[in-house]
Amino acid sequence: MELYQLTIHELQNKIRQGGVTSTAIVNSVFGRIDAVEENVHSYITLMRESALEEAQKADEQIRTGEINALTGIPVALKDIYCTRGVRTTCGSLILDNFIPPYDATVVVKLREAGAVFTGKTNMDEFAMGSSTETSYYGFTRNPWDLERIPGGSSGGSAAAVAADECIAALGSDTGGSIRQPAALCGVVGMKPTYGRVSRFGLIAFASSLDQIGPFTKDVEDCAILLNVIAGYDLRDSTSVPVDVPDYRDYLNRGIEGWTVGIPKEYFIEGIDPEVRGAIEQAIRTVEGLGARCREISLPHTDYCVAVYYIIAPAEASSNLARYDGVKYGFRAADCRDLLDMYKKTRSAGFGTEVKRRVMLGTYSLSSGYYDAYYKKASQVRGLIKRDFEEALKDCNVILTPTTPTPAFTIGEKTDDPMQMYLSDIFTISANLAGIPGISVPCGYTQSGLPVGIQFLAGHFEEGKLLQIASAYERNAHIEKRRPIL
């Protein structure tokens with residue numbers, strides 16, 4: 001087995017035993033990138049030179065016995081985090097030449113833990129999309145079928161982990177942008193509780209929904225990464241001062257005696273039969289571990305998509321108002337005056353989907369429509385949150401499909417925004433409620449496409465998610481396949 005195929009914890013063991021160097025690991029990963037990146041297109045910007053320098057520093061630390069949580073481990077970053085001295089585009093022309101003067105908090109934490117950054121991964125422009133097709137830099141392909149999408153908006157990170165172009169990666173999740181691509185690419189992806197991980201240095205899409213989380217090859221690696229990135233940050237006003245446990249302590253506890261809720265509203269017409277079959281088998285596996293699965297109701301589920309597509313665009317229209325070509329980023333040429341520069345810069349700098357959502361959000365916030373749309377959506381959001389609070393009083397966790405279908409073909413839904421928006425129908429609710437969720441591989445379709453199962457828990461109960469995800473992963477006996485590239 002090649003080094004690039006291993007997990008964080010497997011590489012950690014080899015490093016501690018003196019059997020491998022960080023330089024060898026990084027060279028192995030970049031060798032893999034050289035072999036498959038042309039087909040997959042996971043990255044916008046590669047950081048090869050700095051990665052090799054960081055690997056050499058890591059090897060010096062290893063020789064002195066100074067080994068941290070991620071020393072020498074190659075990690076990819078979604079191109080939505082500010083990285084000092086490294087271009088950060090958010091998948092958009094309007095930030096094509098933007099080089100931040102500072103690092104996001106998660107970047108600082110990963111660096112302090114010893115991680116080696118391989119590059120900045122592709123994404124839907126400003127995280128607005130479910131397929132990584134709206135990126136200014138071209139679409140990413142699903143490693144399992146190069147004619148299909150990897151999911152979005154963090155499709156580049158998910159594809160990079162699935163294709164072994166990194167050992168792990170970070171993404172962001174506003175309505176499912178970690179969990180959905182994780183499911184479609186056959187990897188583990190977690191959205192932590194809102195406020196668990198600092199958003200300082202994350203380029204905002206919808207500030208009350210965005211959350212940063214990991215993509216990994218297994219659940220143990222997810223716990224390792226979460227240990228590093230979680231925690232309170234004074235620089236983020238939405239960060240919550242809650243103690244961070246050692247998440248690896250939850251991995252071997254089992255779930256005997258647990259109650260697992262199965263929301264009836266998530267098993268609706270339109271779910272692909274093979275996805276339904278994989279989820280039903282997963283439920284049987286969970287029951288075999290000593291848990292009791294019972295049907296529950298989340299009565300306001302039908303409103304989730306509508307509420308999300310009022311609140312998220314409204315917040316986006318405000319957040320994206322800062323991109324005007326004045327101080328940084330793309331600036332249109334041949335402008336008559338300041339207003340003309342604003343208009344031409346934003347018209348040319350933003351893609352179609354971003355402009356669609358900005359216009360939608362501006363409309364819902366406008367005078368005469370605020371009460372009818374944004375205020376009402378915010379009220380229904382409160383009801384959705386209460387649904388989860390009531391359900392989780394009687395359940396340890398909730399189990400659902402991550403996506404209604406496997407990965408669809410490239411271009412299949414680009415002309416039908418509503419169909420694209422429905423790709424996140426099972427993931428949006430967790431963002432609206434602010435609760436954590438994790439997607440874990442639970443099988444494959446007959447054509448070999450991955451299927452994911454989602455677990456949801458109460459606020460700051462990531463430990464429970466890792467506990468059931470780890471128990472399921474160990475006992476489901478899902479065949480360990482790798483995409484052929």
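Even glycines carry a Cβ here, placed using N, Cα and C.
Record features (Swiss-Prot):
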- Lys78: active site, charge relay system (ACT_SITE)
- Ser153: active site, charge relay system (ACT_SITE)
- Ser177: active site, acyl-ester intermediate (ACT_SITE)
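If you take the Cα of Ser153 (active site, charge relay system) and the Cα of Lys78 (active site, charge relay system), they are about 10 angstrom apart, rounded to a whole number. Summarising the environment of Lys78 (active site, charge relay system), the number of other Cβ atoms within 10 Å of its Cβ, over all protein chains shown, is 31. A distance of 11 Å separates the Cα atom of Ser177 (active site, acyl-ester intermediate) from that of Lys78 (active site, charge relay system). Under the three-state DSSP scheme, Ser153 (active site, charge relay system) falls in the coil class.
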